Amino acid sequence: MTDIAASSFVRQDLVSERAAPVKTTGFVGFVRTRLLNSPTNILLTILGLLLVWYIVVPSIKFLLVDAVWSGNDRTACLAENAGRPVGACWPFIQAKSTQLFYGFYPEAERWRVNLTFALGAVLLLPLLIPRLPAKSVNAGLFFLAFPAVAFFLLHGGGIAGFGVSWVAGLLQLFADSISGAGEAVVGLSKTSAAGPALWAIGSAIVLVGTLLHWVIFPLTWLRDQMLASGQGPWPDFLITAVIVSVILFVLGGGARVGSRPLITCLATFAGIAAVIKLMGLDRGGLPIVDTRLWGGLLVTLVIAITGIVASLPIGVALALGRRSTIPLIRIFSITYIEFWRGVPLITVLFFATYMLPLFLPGNFTVDGLVRALIGVSLFTGAYQAENLRGGLAAVPRGQGEAASALGLSWWKTTSLIVLPQALRHVIPAIVNSFISLFKDTSLVSIVALFDLLGSLRASFADPVWTTPSTAFTGFAFTGIIYFIFCFGMSRYSLFVEHRLNAHRRN
Amino acid sequence: MTDPIVKISGLNKWYGEFHVLRDIDLAVNKGERIVICGPSGSGKSTLIRCINALEEFQEGEIVVDGIELGPNLKHVDAVRREVGMVFQSFNLFPHLTVLDNCTLAPIWVRNIPKKDAEATAMKFLERVKIPHQANKFPGQMSGGQQQRVAIARALTMNPKVMLFDEPTSALDPEMVKEVLDTMVDLAEEGMTMLVVTHEMGFAKEVANRVVFMDAGQIIEANTPKEFFAAPQHARTKLFLSQILR
Ligand SMILES: Nc1ncnc2c1ncn2[C@@H]1O[C@H](COP(=O)(O)OP(=O)(O)OP(=O)(O)O)[C@@H](O)[C@H]1O
Ligand SMILES: [Mg+2]
């Protein structure tokens with residue numbers, strides 16, 4: 001050792017490199033410095049080992065080592081036949097796999113399910129990878145075109161009309177319900193004390209309804225003419241395309257902004273026409289598969305994806321509404337959020353399934369699955385609204401002011417400045433809601449929809465496969481499927497969070 | 001003599017029961033630089049925020065370049081297109097790069113193609129001397145640089161009037177100069193400016209007129225020379241004695 005306590009020091013020979021002491025690097029070093037370096041750590045290490053011993057080892061033993069991999073019925077999975085302790089009974093899953101994935105979807109039509117999910121995956125994956133181009137086209141295809149295509153693929157059926165007919169139908173329903181309400185009031189006036197007054201009000205309402213019918217008469221007449229023409233949806237399609245294009249052209253600023261919007265619009269309609277032609281929607285489409293036959297993972301994914309995609313816009317609208325300065329919008333948003341957050345999802349599903357039909361007009365039915373979809377979306381929307389409200393509150397007021405000062409309208413300020421920042425703040429909370437929604441889809445089994453878990457439970461009833469380990473195998477399998485989806489969402493959200501928050505790192 | 005580019009007449013504003021702005025009359029000519037000063041809470045920020053309708057007011061009228069802004073805030077959008085604003089806390093958009101901060105409004109408000117907007121933005125970023133940082137995020141820059149970006153961002157909209165609300169008071173002393181220099185450059189180019197600031201050096205060097213406010217009213221307005229050498233009102237004298245020490 002050199003003594004450098006003296007005020008002047010000059011090194012004579014350089015110190016050569018030496019290996020670090022064995023005890024501080026490598027495996028031994030890791031064990032010494034990270035696992036056994038203090039009494040607390042020693043205790044934690046022992047607890048960790050115990051955990052591995054009691055949970056991980058038996059799980060692997062059950063799922064892999066002791067598992068039965070082939071067989072045709074329960075006998076293969078019985079300990080007395082196998083001659084050893086029996087773990088998971090995988091042949092059971094194999095035998096039930098179609099039921100777990102498709103429910104009772106007819107075998108000949110299952111390609112439609114596969115095609116739908118392949119299509120979804122092909123559209124979704126490039127959307128998730130930030131490096132790939134054409135995000136807006138991709139997003140448009142996934143969020144707007146895909147749901148419609150998926151509906152006609154999975155459910156089947158065709159279309160008789162297009163935009164004009166649909167608008168006419170909606171308006172007619174609206175006018176009908178007004179007339180109906182008026183007639184109900186007139187009916188009341190016969191028994192009530194305030195008879196004449198009620199009669200006057202009722203007649204006035206009926207008059208409004210009749211007037212509405214006259215106002216929309218050109219539209220309904222046009223629809224009936226087109227229906228009678230026997231050309232399928234095509235005349236309607238053409239008229240709709242022309243009307244929408246003209247409106248877009250005029251509202252978009254006419255020739256001044258160039259022909260791009262018009263071309264985009266026409267291309268969109270051409271795409272729709274191609275899809276209609278390709279799927280034969282104008283000729284009745286694919287055979288209809290009633291949603292009561294759907295089941296398994298199909299139903300789980302349909303509910304989860306619809307819920308996820310629909311709940312976010314609902315949440316955004318409500319969160320903005322809750323901050324609105326217009327009292328009516330604010331009160332509506334608050335009431336809505338508090339109501340949906342105050343009732344359990346099971347109640348919502350029950351209500352949607354068994355009570356809603358009682359309130360709707362007699363000839364108006366909504367498919368059971370659709371009712372559940374609506375219930376789940378509205379329910380999750382309320383939660384997303386509260387998540388987002390936190391994010392909106394975290395955006396400083398100055399941001400909106402700076403945007404307004406630059407001349408941006410409220411809509412542009414909100415969508416370009418405030419919302420993007422708010423969303424970045426609450427990605428973890430939003431994905432948290434997505435994950436819990438994904439798992440909550442299993443609650444639909446109480447309203448007679450057979451999701452993945454419901455199908456599994458139904459398959460337990462099969463006496464061909466009753467063995468002591470059937471239930472464990474089934475739950476382990478579905479558990480793994482749920483885990484893969486939820487874990488995937490969780491990891492992806494971390495990635496997105498990291499990427500979108502690039503601006504916060506220095 | 002031409003019409004003033006900003007004309008405030010009989011402006012009154014209340015926050016609930018609190019009378020923040022009282023009978024404000026002020027006319028600013030084209031190319032004029034006005035410094036507004038006064039004690040904290042005197043209503044300086046509120047006044048200049050009224051000019052681009054960030055605050056509503058209950059009585060009076062503001063006319064910006066012939067566009068009338070009454071208590072019902074008609075023509076808000078038109079006025080905001082004429083008026084640029086720079087805030088004390090910069091208020092850059094943290095999720096956008098410096099360049100995107102500067103092109104956002106031209107693209108979305110003026111419908112300018114992205115290429116042209118970027119070219120214009122780079123021109124202004126060069127003018128405030130930070131063209132090399134165009135692809136950074138605001139959070140990666142110093143306060144002085146951020147404030148200069150904020151000035152560039154406001155300029156990309158070609159405003160006729162620029163409002164500054166204490167642009168240097170959130171900055172470390174060594175960064176104040178770079179921002180003030182930028183503002184002096186802007187003044188020399190003939191921009192009409194209304195500046196709320198406590199930088200009396202800037203006021204003496206650049207302003208055509210200094211406006212002193214207290215308790216929501218204009219107490220005194222004069223050329224900087226007169227204002228600093230011979231303040232008339234007792235409150236002005238007190239304020240100057242405190243701040244010039
Ligand atoms: N949103 C508000 N609601 C109620 N009172 C307010 C509000 N904003 C400001 N005030 C009050 O109005 C008065 C003027 O505020 P203003 O921000 O214009 O002052 P200022 O002169 O800019 O002060 P400073 O130098 O501190 O920035 C202050 O007394 C303040 O408390
Ligand atoms: Mg202020």
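Cβ coordinates are placed from backbone N, Cα and C, and glycine is handled just like the others.
Here the structure is a predicted model, which means the values were calculated and not measured.
What TrEMBL lists as domain 'ABC transmembrane type-1' is A:297-493.
Under 8 Å from some Cβ of the transmembrane segment (A:42-64) lie the Cβ atoms of residues 35-36, 87-88, 472, 476, all in the same chain and six or more residues away from its ends. Per TrEMBL, transmembrane segment is recorded for A:42-64 (among others).
Annotation comment: TrEMBL describes A:111-129 (among others) as transmembrane segment.
Outside the transmembrane segment (A:141-160), and at least 6 residues removed from its termini, the chain residues within Cβ reach (under 8 Å) are 109, 112-113, 115-116, 119-120, 123-124, 127, 227, 232-233, 271, 275-276, 279-289, 291, 294, 298, 302, 306, 309. Under the heading transmembrane segment, TrEMBL lists A:141-160 (among others).
Residues 198-199, 201-210, 212-213, 216, 219-220, 222-223, 361 of the same chain lie 6+ residues outside the transmembrane segment (A:166-186) yet bring a C-beta within less than 8 angstroms of a C-beta in it. According to TrEMBL, the feature transmembrane segment maps to A:166-186 (among others).
Per TrEMBL, the feature transmembrane segment maps to A:198-217 (among others).
Per TrEMBL, the feature transmembrane segment maps to A:237-255 (among others).
Look at TrEMBL and you will find A:262-281 (among others) tagged as transmembrane segment.
Residues of the same chain lying 6 or more positions beyond the ends of the transmembrane segment (A:293-321) and with a Cβ under 8 Å from any Cβ of it are 99-106, 113, 117, 120, 143, 147, 154, 329-330, 332-333, 336-337, 369, 372-373, 376-378, 380-389, 392, 414, 419, 422, 430, 433-434, 437-438, 441-442, 444, 449-455, 481, 485. What TrEMBL records for A:293-321 (among others) is transmembrane segment.
If you look up TrEMBL, you'll see A:342-360 (among others) marked as transmembrane segment.
Long-range neighbours of the transmembrane segment (A:472-495) within the same chain, counting only residues 6 or more positions beyond its ends whose Cβ lies under 8 Å from a Cβ of the stretch, are 62-63, 88-90, 92-93, 96, 100, 128, 297, 304, 427-428, 430-431, 434-435, 438-439, 452-453, 456, 459-460. Taken from TrEMBL, the feature transmembrane segment applies to A:472-495 (among others).
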